[in-house]
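First comes the structure, then the notes that go with it.
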Amino acid sequence: MAGVIPVWIALVATLSVFLQGINVKAATFDITNQCPYTVWAAASPGGGRQLAKGQTWTIQVAAGTTGGRVWARTGCSFDGSGRGTCQTGDCNGMLSCQGYGQVPATLAEYGLNKFQNLDFYDISLVDGFNVPLSMTPTSTNPNCKGRITCLSHINSMCPAELKVNGGCKSACARYNTAQYCCTGASANNCGPTNYSKFFKGQCPQAYSYAKDDATSTFTCPSGTNYKVVFCG
């Protein structure tokens with residue numbers, strides 16, 4: 001029996017290190033509203049919550065989560081059961097989102113520990129624009145890009161053909177063609193258009209169309225936490 005105890009101790013120690021490694025890769029997202037109006041924050045995964053100016057909602061995101069996004073909904077009305085509608089960013093009429101929202105919406109996107117122990121994060125206008133936002137990783141690692149923003153008030157400058165109540169659709173969302181959505185015959189040969197150049201001119205760090213990776217994707221070491229701020 002004397003030899004059994006050290007074996008179990010070793011197994012427990014190994015498991016502890018393994019679990020610590022998982023925790024390091026998980027992330028906390030602090031989502032704050034600095035807009036002079038109420039927004040209904042949404043996260044997939046995460047759900048949703050009403051935020052008055054100055055309020056913060058904190059969510060925990062599991063290690064290895066990819067395809068994650070955070071956005072603001074505007075012009076919402078919900079009943080006591082959490083059912084209702086939003087003018088922009090609506091997710092199937094639910095306060096607590098179970099999936100992605102409707103266009104237009106400014107997106108803070110991320111993939112945790114997606115490749116070589118790196119998180120990937122970006123701001124996307126591929127679904128259009130509704131609320132200015134910034135995304136800031138908390139890491140001070142020099143290999144981390146840092147804060148990225150899209151703080152231009154695009155709604156007031158939106159081309160008439162893309163304008164909707166409370167937001168500005170992307171050309172892909174408005175016309176749904178291969179040229180603007182980089183699909184079909186355009187999937188591997190898709191460049192910027194006058195519409196995407198408009199969005200890029202307003203928010204140079206944000207995705208302006210689906211293939212805008214080179215100037216719009218940023219990385220941080222896995223285990224980083226993030227702050228998303230609407231209007232700030």
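Quick reminder: no glycine exception, Cβ is built from N, Cα and C everywhere.
Source: prediction; values computed, not measured.
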Q) Which cysteine out of C158, C172 is the one Swiss-Prot pairs with C168 in a disulfide? A) C158
Q | C144: disulphide-bonded cysteine as recorded in Swiss-Prot, out of C76, C203, C220 | A | C220
Q) So, in Swiss-Prot, which cysteine from C76, C97 is disulfide-paired with C86? A) C76
Q | Swiss-Prot annotation, disulfide partner among C91, C97, C150 for C203 | A | C150
Q) Looking at Swiss-Prot, which of C35, C91 bridges to C97 via a disulfide? A) C91
Q) Near C97 (disulfide bond), how many other Cβ atoms are within 10 Å of its Cβ? A) 24
Q) Of all the recorded positions given, namely C97, C182, N194, which is spatially nearest to C35 (disulfide bond) at the Cα level? A) C97
Q | Chain-internal residues near C181 (disulfide bond), provided their CB is under 8 angstroms and they sit 6+ positions away | A | C172, A210
Q: Determine, using Cα-Cα distances only, which of these disulfide-bonded residues is closest to C91 (disulfide bond): C144, C150, C158, C168, C220.
A: C168
Q: Take the Cβ of C86 (disulfide bond) and count every other Cβ within 10 Å, whichever protein chain it belongs to.
A: 26
